[in-house]
């Protein structure tokens, strides 16, 4: 029976469809022996086994060009067959590692589901992956894939919507092969074997790496270096495209990250972005995008360093004499400056880059290019890892080789401008401001904080301020479209870090007003909420320090600037009894404060008296009785000087329970096997004790003085270990470094009220407990045992 005409036409034109797909399709096929691949001039070479030196290159390595039609390109199977002798299936070859029947999925099988996987006999040796028509003697070889150190293997993974088989993808220089098997164990066996063969291969080198080695060996002979540049255009500036990366990058089919192409394709795109810099009206965002790509794909950092060294060498070789003042020429140097302040180049690339900069300085000592070269050399010596790429303001400053100006807000001193560079740390800025304000001999410790409204977080001493400014810029751009964005954005501020020492403050220095303003800011945010009489006394002292003696002719003060905002009363339903966290059994006993149970029993006996008092204290923000009480206390302070009022304010505020306590959201990890899931808790660090409480609760569940803390150390990226006696508490938080620094600061600062670390004593008194609950949920804490003379004077 004759076949239908349409089927005859399909069979006869199958070869024609393949050629059309090769010429006008995606450029790469993965059929049985019909793979079409791009021709590349850059051959990869294996280093000589003897190692060491090589003779000078006699051949000229040029940038690959595409002059002929696409149909004239070499086919992948022709290239691989030229490397392997044409022979049949080997018999008992000792180099065979794995062999067996597998399915090979045609390229584009997901897009063309009618192309079914083809079954073939695969043999893996130490040099290649071969495909045969059968497993018998004399079987015809259908194709080969040469395995090098740059090949990559992905999988196994199952594709239920396509083939339903387990697949392993092997990516080579020209094409990739997807091996399929119905059994997962077999796919895993092939994947492991392929990875072991690739890992055993010697690393390959590109011609660019060989030329870099020649330049390094001839660095003492300028004429030899110039000759290498003249004979090899790949090292010089070019206006044409780059079709292959300068460094050996792994062959991959899958993208290394969301929004990115494979590494080799991204390297070519980077070079196109560099060339786009020459005509860009706003080069800053384009530079930032290039830096972000290198930040997301670290394998491209050395590649970009080499591309910039190539483009800054000039068409005739280094140092690039033509049009040194041309902005298009300088933009390569500006991007290289940003790169040197963000990333650290590898060994060979770093040596070549330093040599390139040195040759530029020697050839053009008084030019602007030499200034850029000197700036970059200094930056390479100081650069370490960056968390974020430079901000647009930093890129603009680096393009002019200038420092960046940042503003730090200091209580009592206003905004202080500080000049920083890409390597300045938060500790260096804090030390500079401490010295500028005359606080170097103070007993109090200070640190740099990032602040936004009531949110604040201490910066570790080694944090780069440039990264913090970049984060502020990103947050500002994200919140630009929000309608309910806050009035004040993120800012840097200098504040007290650790325990407060109000005694012995000089009335003439900056420390007294500094601490005075910071204490007032903490009280306005409800940290901590003092009793009603203490609040009124503090308000009167602040009025005396700001306006001196009371005058009936003056305007009435605004109490909302003197007292914390009122808390709306609400009924709290009785909460059920919760299961205690692991720390209840772990840190129970004499180490934890026994005063907690006594205070709970006392408050239960009084039956909510403290809560009503707290409402009175907080609601008194604008009442007539509160205003009269504050004004009455202000009148009784007549004759008190400004410095004396500030000192009395600090002394009274320091007696408030939990004054200056820092709070952190943590996860408590169980130290017992099978102890359960981590529990969310709130860690409070006060001047004399630390406490743990549940989120939203005002009463701490545990408290321990610093004298009982034996050690505080990091045991993981976000895990902190606190050793209390013979027990250990594990806490997890993204701010573990800040917590550890603050705890160690308290541990290194003994005081007469705090028990010694080596001694044993009872828990801290009530005012030593840190405050760990949100400001809107505070109850009034008990009045401190001792009151200053100023408070007694106000109550008389």
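Cβ atoms are placed via backbone N, Cα and C, with glycine included.
Residue ranges 514-541, 598-625, 626-653 are listed, and Swiss-Prot annotates 598-625 among them as region 'Disordered'. As stated in Swiss-Prot, the feature region 'Disordered' covers range 750-796 out of the listed 703-749, 750-796. When the ranges 28-71, 72-115 are checked against Swiss-Prot, the one recorded as region 'Disordered' is 28-71. Around residue 638 (omega-N-methylarginine), the same-chain residues six or more apart in sequence whose CB sits under 8 Å from its CB are 549, 550, listed in sequence order. Each residue in the domain 'PH' (95-199) gets a DSSP state, and the totals come to 16 helix, 44 strand, 45 coil.
Of all the Cβ atoms in the protein chains shown, 12 others lie within 10 Å of the Cβ of residue 474 (N-linked glycosylation site).
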